[in-house]
Amino acid sequence: MTRSDTNAVEVRGLVKHYGDTKALDGVDLDVREGTVLGVLGPNGAGKTTLVRCLSTLIVPDAGTATVAGYDVVRQPRQLRRTIGLTGQYASVDEKLSGWENLYMIGRLLDLSRKDARRRADGMLERFSLTDAAKRPVMTYSGGMRRRLDLAASMIGSPAVLYLDEPTTGLDPRTRNEVWDEVQRMVAEGVTVLLTTQYMEEAEQLAHELTVIDRGRVIAGGGVDELKARVGGRTLRVRPVDPGQLPAMARALDDSGLAGVAGATVVPDEGQVYVPILSDEQLTAVVGMLAARGFGLAHIDTHLPSLDEVFLAITGEKTSSSVTDTIPEEVAA
Amino acid sequence: MSAVLTKAPSDGRIGLRANARHIGALVRRNALQIKQDPESMFDAVLMPIIFILLFVYVFGGAIAGKGNQEDYVNYVTPGLMAMMGLNIAMAVGTGINDDFKKGVMDRFRTMPIARSSVLLAKIVVEVGRMLIATTILLGMGFLLGMEIRTSVLDLLAAVGLSIVFGASLMWIFILLGLTMKTAQAVQGVAMLVLMPLQFGSSIFAPPTSMPGWLETFTDYNPLSNLADAARNLINGGPVAHSVWVTLAWAAGITLVTAPLAVARFRRKT
């Protein structure tokens, strides 16, 4: 992967109003070439409006934005040659087969018939859709549609890919498939602007994060910085014998593995809460507890929800008070 | 960067050949949609059959006199060609409105293709549907006793004229389809315009049988000009005036509404 200091996307003071609604109210952001920027925000924060401005679907009222050096307003034709877009709703033709969709996009991107055929075959193979190649897209499952959508966006080998809430509405297994595909594309050097409502998705995929609310950027920075500000994950451990709770907390504090914040006993739940900042720390904690002979009945990690992130940053609830979080699977 | 980009002229303009290729790929899309959903061809196939039977046998006797239905076939069939065009053009409006609700339109509009190519492909496919409908209509006409009193070339000219005019009408309905919120609204407005234009014309009955004010209206109704032109091309009679007036209408409608429709398509959010 090439990471450089050049910005693939630069947005300055971007404004888009719909009547009295300020969908974008002066947004600044940069996406470094070869990295993933996660744009995190609740419903109605302006994420989709941002993506639509950057993909030339709508014209901003004020401000500037360049993608791969092309201005969204003045050079839309050149810009369209460098981008791929996968939206919340699959942007493929329902009545056509998967293969026909990809072949059509290849032809629209000026590939020869032969190259378009080869590219369509290759993309179906890569996104594990070869078996469904000839079926109309309307018979596809949600995950297959999303994969086809990604394949369609990748036909033209775009330099910059927009993923607008790519896993909204998907079950956890399908969501993981989409994440894997995105990570593969990033490994190949594509720059990605990802919008999401899920802290976990941002943490999985993004190098840097921008948090937006009501059309404004309210926080930004590296994923770790932001995590440090909002507290990262919490490990929850329940010993088989609730009587061991104090001993377990003491062992964690003594070992230094629970960090400066220390372990917290929550007697009502029969659990100990341990703040976790890295996978290594998580592994070490579990290893230490096992080595000391504690019998564990239940263990899981909990990410702060978007609401908790907003609470930590602004001291306020999100504008739309989104409370849904993805339950994280047992991490140990 | 591993990304390989297609090199384009520096201003990103789309060349003519590339444009034709894009329209071809989009026409293929529309044709495949029909293959997947053959019911969408019902209107083009059944409308001409039902209309010609209805008009020849229900109204033909009353208009041309009982027993003279065969004369009426020669009168009404060229007129129905004009009507087919209008009806298929109307369906384009509702179709484009529906199309816009789908995510695939976003993909087209973020791709390096001329935005007009999506609309032009639609028109190419609909002209194909119009040709099928016209062929079926003429086939039915011949079955019911219609005869060409001029030449096959004149007949083809009549078909060509109604297709050119029908294609120009499509721009009006595309504009409507892009402007109005729902397909139902498009249909509602289209029907309101369609009914008076269709029946207040020389398509079904000679305007000389109508009251003076209506006769004046039908004289200026472009559908009358088209029906008269097609009728005289097939049955013999003066054609120059009605053909030129029809072509002028087609050119005028296209010149005004096509740029508006493309602009509307560009700005659609």
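Every residue number used here counts from 1 along the chain in the order it is shown.
Backbone N, Cα and C atoms are what each Cβ position is placed from, and that goes for glycine too.
Note that TrEMBL annotation is computational and uncurated.
Sequence annotations record features per position, and here TrEMBL assigns domain 'ABC transmembrane type-2' to B:39-268.
The transmembrane segment annotation in TrEMBL covers B:44-63 (among others).
Sequence annotations record features per position, and here TrEMBL assigns transmembrane segment to B:75-97 (among others).
Annotation comment: TrEMBL describes B:118-143 (among others) as transmembrane segment.
Proximity of distant same-chain residues to the transmembrane segment (B:155-178), defined by a Cβ-Cβ separation under 8 Å and at least 6 residues beyond the stretch ends, is recorded for 78, 81-82, 84-86, 88-97, 100, 119, 122-123, 126-127, 130-131, 134, 138, 148, 186, 189-190, 222, 226, 229-230, 233-234, 243, 246-247, 249-251, 253-254, 257-258, 260-261, 264-265, 268. Per TrEMBL, the feature transmembrane segment maps to B:155-178 (among others).
For B:185-205 (among others), the entry in TrEMBL reads transmembrane segment.
TrEMBL lists B:243-263 (among others) with the feature transmembrane segment.
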Residue numbers, six or more beyond the limits of the transmembrane segment (B:44-63), whose CB comes under 8 Å of its CB atoms: 69, 72-73, 75-77, 80, 83-84, 87-88, 129-130, 132-134, 136-137, 140-141, 144, 204-205
Stretch-level contact, the transmembrane segment (B:118-143) and the transmembrane segment (B:75-97), CB cutoff 8 A, at least 3 pairs: yes
Beyond the flanks of the transmembrane segment (B:75-97) by 6 or more, those residues with Cβ under 8 Å of it: 43-44, 47-48, 51-52, 55-56, 60, 63-64, 119, 122-123, 126, 129-130, 133-134, 137-138, 141, 146, 158-159, 162-163, 165-167, 169-170, 172-174, 176-178, 180, 182-183, 186-187, 190-191, 194, 197-198, 201-204, 223, 226-227, 230-231, 233-235
